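Novice: Take a look at what TrEMBL says about it:
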type	residues	note
BINDING	Asn11, Asn72, Gly82, Asn83, Asn153, Asn187, Glu210, Arg211, Gly220, Ser221	substrate binding site
ACT_SITE	Cys81	active site
ACT_SITE	Cys81	active site, proton donor
ACT_SITE	Cys219	active site, proton acceptor
Amino acid sequence: MQFIKGHGTANDFVILPDPAGALPLTPALVAALCDRRRGIGADGVLRVVRAANHPDAVRHAERAEWFMDYWNADGTYAEMCGNGVRVFARYLDSMGVTGDADGLAVATRAGVVRAVVGPDAIAVDMGRPRIYDTSTATVGGLTVPGVAVDCGNPHLVCALPGALDLGGLDLTRSPGFDPAVFPAGVNVEFVAPAEPVNGADLHVAMRVYERGSAETLSCGSGACAVATVALRDAGRDAGVVAVDVLGGRLTITLDGDSCWLAGPAVLVAHGEVDPGTL
Ligand SMILES: N[C@@H](CCC[C@H](N)C(=O)O)C(=O)O
């Protein structure tokens, strides 16, 4: 089985080219590939399938040739992965698939998104995230209020109380959350304000515990959720938010129905893996 390894701000993925949708991908195989000691190691798998060849994407085949079949490291799959789309676009671009004047259309389980590929950064319009509820997360015995945000996948954005240090949070285990609000689980972001930076209206830092992948060094859809809540709390509905994640910086631009997620995306390795050895 051929693979490529890539990452976006250290949110890392095993990319599996499978235009025909013929690979016998199972939750167990995905988890084995993502295992950081016995496998290749990654936060998730991006299977590259022609939209026409996958039942979850065939309805998008007229608008997008390629489907990002995204799986979390534990073998579950998710509707959306913002950094995944950026790395997926980097891979397609490296194969000569460049899209048109509007960018590169990518089908996901949450619909079709468009990526604009640059030499360093790749930006993807994720569509406007939707704030829909409030809830709480518990971490280290502390209950923190948060805001539920739909980015195609579910997020709970929690502003850290002033006295607490983002770096001191114990995210070795899943934060507690309310399953009545998030019946399919949730990605939990903890946010703290950061010093102003040039080129951004707001600057925040976040850590994330991802559904299906534990703590990761970056989450693109999570950064979009965080930026949406930060702008709302600042009384704005448009603007640029710099979001520092443990793996670098993402820049989120909200305007009208668009939410552009921008940052670096790189391919670092390619090779072959025998699933029988995993
Ligand atoms: N890291 C991703 C999000 C991946 C999916 C998430 N774990 C879920 O289950 O919803 C991103 O960059 O958006």
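Every residue, even glycine, has its Cβ placed from backbone N, Cα and C.
What TrEMBL says about a protein is an automatic prediction, not a curated fact.
Keep in mind it's a predicted model, so treat the numbers as computed, not measured.
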Novice: Using a 10 Å radius around each Cβ and counting other Cβ atoms from all shown chains, which of the active-site residues Cys81, Cys219 yields the largest count?
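Specialist: The largest 10 Å Cβ neighbour count belongs to Cys219.
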Novice: With every protein chain in view, what's the tally of Cβ atoms within 10 Å of the Cβ of Asn11 (substrate binding site), excluding that atom itself?
Specialist: 32
Novice: What is the biggest Cα to Cα gap, in Å, among Asn11, Asn72, Gly82, Asn83, Asn153, Asn187, Glu210, Arg211, Gly220, Ser221, the residues listed as binding substrate?
Specialist: 16
Novice: Including all protein chains shown, what's the count of other C-beta atoms within 10 A of the C-beta of Gly82 (substrate binding site)?
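Specialist: Excluding its own Cβ, Gly82 (substrate binding site) sees 28 Cβ atoms within 10 Å.
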Novice: Using the CB centroid of Asn11, Asn72, Gly82, Asn83, Asn153, Asn187, Glu210, Arg211, Gly220, Ser221 as the substrate site centre, which other residues of the same chain sit with their CB within 8 A?
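Specialist: Checked against the 8 Å cutoff, the neighbours are Gly44, Ala78, Met80, Cys81, Gly84, Val208, Ser213, Thr216, Cys219, Gly222.
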Novice: Calculate the distance in Å between the alpha carbons (Cα) of Cys219 (active site, proton acceptor) and Asn11 (substrate binding site), and round it to a whole number.
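Specialist: That separation, Cα to Cα, works out to 7 Å.
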